[in-house]
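In what follows, a single structure is set out as structure tokens and then discussed.
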Amino acid sequence: MADTTASDPRDVNSELRSPLLEPGKKSSEPEKLCIDEMLRMYCGEFGWWQLKHFVLTSLAWALEAFHTMVMIFADREPGWSCVSGSGCDATAKTVCGFEPGSWDWTGGSSSSTISEWGLVCGYKYRVGLAQACFFGGCMIGAGIFGHLSDSKLGRKGSLTVVCILNALFGCLTAFSPNYWTYVLLRVLTGFSTGGVGLCAFVLATEPVGPTKRGIAGMSTFYFFSTGIALLSGIAYIFQSWRTLYIASSIPSLLFLVIVLPFISESPRWYLVRGKVKEALTLMHNIAKTNGKHLPDGVVLALDEEINKDSNYEQPCKEQLEIKEAISGSLIDVVRSPITCTRLVLAVAINFLCSVVYYGLSLNVVNLETNLYLNVLLNAVAEMPAYTITAVLLDKFGRKPLAIGTLWFSGFFCFSGSLMTGVGIWKIVRMACGILGIFGMAGTYNLLFIYTAELFPTVVRNAALGCATQAAQMGAILAPFVVVLGGGLPFVVFGVCGTLGGILAFYLPETLHKPLYDTMGGMEDGERACRAV
């Protein structure tokens, strides 16, 4: 009779192998990493894949520049000339008081909205009203699309929607039958424009590794300035405001058809939405394109999962590929003491920065050249500020650089308020204004990457959208500050810059810190930092 207690050969082999394994560790246990660590160890922080994706995504910033700055040309006040024998005074600075028909607009009535609808004299306020309404639409759109890009639409889905709406409303604006229809369409265009840069920035920087993310984020504004420079050339070619709106909207259609199909969704959004399989597939693609190899035994995990339990049971295949989606909103941001304080400070600083940036853009003495050259030179002049802040970002950190650029701008604004508007002092005041906007351009650039790093993935776009809304409120207020005239606008801008620098003292430094995925992961990480 056979011995039923004889051991199975497989058990013998298992006993022979078991001493070779580390105690308490399974041979097939996967390596559990968050996205930052996976990029750093296996995929590459900024390789060919990230470079291509970053450039293609950041092209959307040029679209935002088109739809925002087109008002400079479409709503400009053209020159005018007197009709021969009408008794019109050609030396006058304004047409107010002249009889209708005694003068003509240079280039005809179709050259701008002002000449077509007579937005001069008592109706001049309507030009500023249309501009303010556009930024009001941007404010609303930034908040809505910031939330949608964090939830079901995703970063790429939201960018697709805003580009479609931009192209649609931009083209329809060209067919406005009257002023009030024009204002309505500008509000709708602003609504979609408010989400373009927001979605593009987060989508471009989230797949970048932690040590390269700062300089990559700072580089996005080059595309915005380049868009302004290109717009000046487009406006020079298309002198009619209606054809200009069509010409500046067509690039949005081209972006949708030519560029967007080659842009990928953010792996961080995939991960927090529970689409682990899609996130891991994308990470394999990043590694392959960058000439690296992602081992099969490596799996993605949220930061809070790694923080809570490093010794976990091996998940089954379904658990690796599908997890419950994690969502967040501004309510979650406000409930957490850490993120609530950060949000209040980020909103206040973005608001103050925007008042100075847009205010100086309107208030600074223009170069004695034509409008198109002025806009081109102003766009080019901002680029050195982006370069300097990008170079210094990882050397000094986000917080010191934010304080420094805000106070730099505030100092020259206060200096400009002390200068008179006559003689050589007029040139000195102009120089102070240029240096002021130079510093604030660097701050504006820095605030995007700084704000994005202050919040976890589940609420990043919502928080960034809230900060962008505050910036749009500052843009609405800026023209009213400029109306004060004299040296008072410089005083206001100086106060805003100085106050913004003081508030930045209370923000934490984010240099070399990870991009957290969840609220719990951020709280655990911050507690660990304080304990060290």
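For all residues, glycine too, the Cβ spot is worked out from N, Cα and C.
Sequence annotations record features per position, and here TrEMBL assigns domain 'Major facilitator superfamily (MFS) profile' to 53-512.
Annotation source TrEMBL lists region 'Disordered' at 1-28.
Summarising the annotation, TrEMBL assigns transmembrane segment to 125-145 (among others).
Residues annotated as transmembrane segment in TrEMBL: 157-176 (among others).
The feature transmembrane segment is assigned by TrEMBL to 182-203 (among others).
Sequence annotations record features per position, and here TrEMBL assigns transmembrane segment to 215-238 (among others). Through the fold, the transmembrane segment (215-238) approaches residues 46, 50, 54, 58-66, 69-70, 73, 197, 200-201, 204-205, 208, 244, 247-248, 372-373, 375-376, 378-380, 382-383, 386, 389-391, 393-394, 441, 444-446, 448-449, 452 of its own chain, all at least 6 residues removed from its boundaries and within a Cβ separation under 8 Å.
Residues or ranges marked as transmembrane segment in TrEMBL: 244-263 (among others).
Within its own chain, the transmembrane segment (343-360) has Cβ neighbours under 8 Å at 330, 333-334, 402, 406, 409-410, 413, 433, 436-437, 440-441, 443-444, 447, 450-451, 454-455, 463, 466-475, 477-479, 481-482, 489, 492-493, 496-497, 499-500, 503-504, 506-507, counting only residues six or more beyond its boundaries. If you look up TrEMBL, you'll see 343-360 (among others) marked as transmembrane segment.
Marked as transmembrane segment by TrEMBL: 372-393 (among others). Residues 69, 72-73, 214-215, 218-219, 221-222, 225-226, 228-229, 231-233, 235-236, 361, 366, 401, 405, 434, 437-439, 441-442, 445-446, 449 of the same chain lie 6 or more positions beyond the ends of the transmembrane segment (372-393) yet place their CB under 8 Å from a CB of it.
Per TrEMBL, the feature transmembrane segment maps to 400-421 (among others).
Look at TrEMBL and you will find 427-450 (among others) tagged as transmembrane segment.
If you look at the transmembrane segment (244-263), the same-chain residues 6 or more away from its ends with a CB under 8 A from one of its CBs are 52-53, 56-57, 59-60, 62-63, 66-67, 70, 73-74, 156, 159-160, 163-164, 166-167, 170-171, 173-174, 203, 231, 234-235, 237-238. Residues 68, 71, 75, 113-114, 117, 119, 158, 161-162, 179, 182-183, 186-195, 198-199, 461-462, 465-466, 468-469, 472-473, 475-476, 479 of the same chain lie 6+ residues outside the transmembrane segment (125-145) yet bring a C-beta within less than 8 angstroms of a C-beta in it.
Averaged across the domain 'Major facilitator superfamily (MFS) profile' (53-512), the predicted model reaches a pLDDT of 82.
Same-chain neighbours of the transmembrane segment (400-421): 349, 353, 356, 360, 389, 392-393, 428-429, 432-433, 435-440, 442-443, 446-447, 450, 486-488, 490-491, 493-498, 500-501, 504-505, 507, counting only residues six or more beyond its ends whose CB sits under 8 Å from a CB of the stretch.
Away from its own ends, the transmembrane segment (182-203) comes close to residues 57-58, 60-61, 63-64, 67-68, 71, 113, 129-130, 133-146, 148-149, 155-156, 158-159, 161-163, 165-166, 169-170, 172-173, 176, 217, 220, 224, 263, 265-266, 448, 452, 460-461, 464-465, 468-469, 472 of its chain (Cβ-Cβ under 8 Å, at least six residues beyond either end).
With a cut-off of 8 Å between Cβ atoms, the residues of this chain six or more beyond the transmembrane segment (157-176) that come close are 57, 60, 63, 67, 141, 145, 148-149, 182, 185-186, 188-189, 191-193, 195-196, 199-200, 203, 242-246, 248-250, 252-253, 255-256, 260, 263, 265, 461.
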